[in-house]
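Step one of this worksheet: look at the structure below.
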Amino acid sequence: MAITQFRLFKVCTCLATVFSFLKRLICRSGRGRKLSGDQITLPTTVDYSSVPKQTDVEEWTSWDEDAPTSVKIEGGNGNVATQQNSLEQLEPDYFKDMTPTIRKTQKIVIKKREPLNFGVPDGSTGFSSRLAATQDMPFIHQSSELGDLDTWQENSNAWEEEEDAAWQAEEVLRQQKIADREKRAAEQQRKKMEKEAQRLMKKEQNKIGVKLS
């Protein structure tokens with residue numbers, strides 16, 4: 001029984017392979033026929049009537065034929081020059097403010113004073129000296145506030161008096177600072193003694209209260 005079933009299975013498999021092979025051949029032949037029937041034949045002739053006509057192409061040498069060959073300026077060369085000058089004058093000068101102004105510096109020349117030669121009684125001329133007297137006029141400055149320079153007397157003790165006044169002011173300030181410091185210390189000591197007295201009074205009151213109880 002098992003042998004017959006095995007033989008039937010082999011026969012069925014062989015038939016299935018044969019049918020599948022035939023089916024593939026049929027499919028391939030159908031595809032080839034469809035491709036051969038779908039071929040499109042292109043026309044070999046070209047219709048030039050559908051092509052748009054091109055415009056006439058001009059040569060590049062004929063472009064400037066219509067251009068003017070000469071330009072005539074009315075009024076002559078003189079009028080053109082005057083017009084150009086007037087236009088240049090109307091244009092504002094933007095760099096006018098930026099031009100530097102050059103000023104010459106004033107030179108002060110000091111001339112050397114020539115030495116004066118005073119005659120000696122015997123007729124010979126003497127030599128100049130820095131201690132020799134000159135003929136310059138004396139300069140006297142008069143002021144309404146300070147008075148005449150001749151009447152002003154120099155006080156040599158002015159600097160010493162100012163130093164003494166400054167030292168006295170510093171001494172007064174130092175003494176005042178010491179007094180303020182001592183006053184603050186005395187105030188702190190008084191407050192401390194008052195606090196101590198209050199603390200002792202509280203202790204005494206507590207002791208009296210304990211004794212009465």
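The backbone N, Cα and C atoms fix where each Cβ goes, and this holds for glycine too.
Residue annotated by Swiss-Prot as phosphoserine (from the set S36, S50): S36. Checking Swiss-Prot for region 'Disordered' across the ranges 144-178, 179-213 points to 179-213. In the three-state DSSP scheme, Y94 (phosphotyrosine) falls into the coil class. In the structure as shown, the Cβ atom of Y94 (phosphotyrosine) sits within 10 Å of 7 other Cβ atoms.
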